[in-house]
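J.: Have a look at this one before I ask anything.
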Amino acid sequence: MASSTPSSSATSSNAGADPNTTNLRPTTYDTWCGVAHGCTRKLGLKICGFLQRTNSLEEKSRLVSAFKERQSSKNLLSCENSDRDARFRRTETDFSNLFARDLLPAKNGEEQTVQFLLEVVDILLNYVRKTFDRSTKVLDFHHPHQLLEGMEGFNLELSDHPESLEQILVDCRDTLKYGVRTGHPRFFNQLSTGLDIIGLAGEWLTSTANTNMFTYEIAPVFVLMEQITLKKMREIVGWSSKDGDGIFSPGGAISNMYSIMAARYKYFPEVKTKGMAAVPKLVLFTSEHSHYSIKKAGAALGFGTDNVILIKCNERGKIIPADFEAKILEAKQKGYVPFYVNATAGTTVYGAFDPIQEIADICEKYNLWLHVDAAWGGGLLMSRKHRHKLNGIERANSVTWNPHKMMGVLLQCSAILVKEKGILQGCNQMCAGYLFQPDKQYDVSYDTGDKAIQCGRHVDIFKFWLMWKAKGTVGFENQINKCLELAEYLYAKIKNREEFEMVFNGEPEHTNVCFWYIPQSLRGVPDSPQRREKLHKVAPKIKALMMESGTTMVGYQPQGDKANFFRMVISNPAATQSDIDFLIEEIERLGQDL
């Protein structure tokens, strides 16, 4: 009888083969091992055991070896990895009778802690793998009332008594199951997308360290990383490496608020102690296409939204410098004191870049603080091909830059950069003696917490620093160039098709591609209020169908008097041309009968 072990002769002919083994060719071994690996560990081992009992000794060796190879290659934390410390090998653990009190720091809690965390890591790794699998849905949509009522054992209500670790693991799985896969290559809904593996590792480490950024004393390495990274970012903006300051904040809205606080303190330092009653009637300026956080800061800081003056924009969403200067003169004539303007480098909807050079000229003429909100567009500074779109940014007094947007750093990661050293410290310092003692044994200038408006501050720097180390500046440049190339591909693909209409003429400056889908019923229909009313309903209907099917996600919104349109943004380096093609085909499929 011929051996069942694969050989050149065995693969070319089945003559003389054992009839009990001819149905288990090498491809079948792989298939069954793949099935086993896809099951829970216990069931997977049962499958292998069954296959072992029904094959010869040689088959047993083949099957077990194949399964072990699959396990070790796909799950480095599995118990088959004999090189690992025995304490960190997976064992069969009954979590139904274990509770949080059984984990560390409980006495003899190490084994349960290790096994529990290995299960959590397995859940996370499975989620990561599926996130990059295009056959996986972007979301499994449910209405709020469905999730609140409970889904298949997933209950959001809090209980008085502890639940088992088995239930906690189920809750971990279901939380991911019913969420949105923002790292999926076909998720285009927000400016912040993607799932960077190095950044993910950095965030895991950050949470494990669980420290605060307010002093060098408790976060020495993280504080130094932040200083070095902020210095590098200021150099990329174009400022002197010796001067300047900055801090990471909880998002671009807070970074923008910091800029207004710094400007106000620069011109009117007495506001810190005496309040707004001690200063003249101040006004600040921003474009009608700028982020709403500028108006929100105006309300929060006591200026009032009426004193946040909106500057007109052209058809591409860029500030009109002449209107800016006219509004300065108008405010001065009314007795107001202009002191600040926000220019946007990459608007949220159109992706427009305001003319920073011309705005800077006006600021110098009238002695205004120039802030550049580059939360969305700042990443283009990393690209030699595209950084010209931010020409003049080096003339700004402050800059907001969100690496968690175009650079793909995991949320949250936003920096406020200030050209003049000492402004943030002077503006926000309160000298709390229980935190910021002046007589410590190290250089207390590294205690950065007093220049923040927060006390507790999350460590946002490590994942960013780690990604920069892993990619290098060139890696970020390539990533950003690729996303912009995909936007150009999308624009070229739809600009001349009858079923699509561009919101504005010309190629987009950023990865924002704004367009209407025109259903068959509206094609060729002249513009009128009735047509616009019908068109206004198209994007929301397609978006709703999109979410129900879970295949992809893209945002929509109105702008001024324009009907709802799709705003496609690309910041996920995992996206490809095939994903752009899929999105367009999906919009056509979902909208064809509207």
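We count from 1, first residue shown onward.
Cβ from N, Cα, C; glycine included.
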J.: Please state which member of R567, R589 Swiss-Prot lists alongside Q190, L191, S192 for binding 4-aminobutanoate.
T.: R567
J.: Would you mind telling me which of 1-23, 438-460 Swiss-Prot tags as region 'Disordered'?
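T.: Going through 1-23, 438-460 one by one, Swiss-Prot gives region 'Disordered' for 1-23.
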J.: What other residues of the same chain, not counting Q190, L191, S192, R567, have a CB atom within 8 A of the CB centroid of the 4-aminobutanoate site?
T.: N189, T193, T348, K405, G555, V569, S571
J.: Using DSSP reduced to three states, classify R567 (4-aminobutanoate binding site) as helix, strand or coil.
T.: strand
J.: For the binding-site residues Q190, S192, which one has its C-beta crowded by the most other C-beta atoms within 10 angstroms?
T.: S192
J.: Write down the Cα-Cα distance for K405 (N6-(pyridoxal phosphate)lysine) and R567 (4-aminobutanoate binding site), rounded and given in Å.
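T.: With the alpha carbons as reference points, the distance is 16 Å.
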J.: Let me know the largest Cα to Cα distance in Å among the 4-aminobutanoate-binding residues Q190, L191, S192, R567, as an integer.
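T.: About 14 Å separates the two most distant Cα atoms.
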J.: State which of the following recorded positions has the fewest other Cβ atoms within 10 Å around its Cβ: K405, R567.
T.: R567
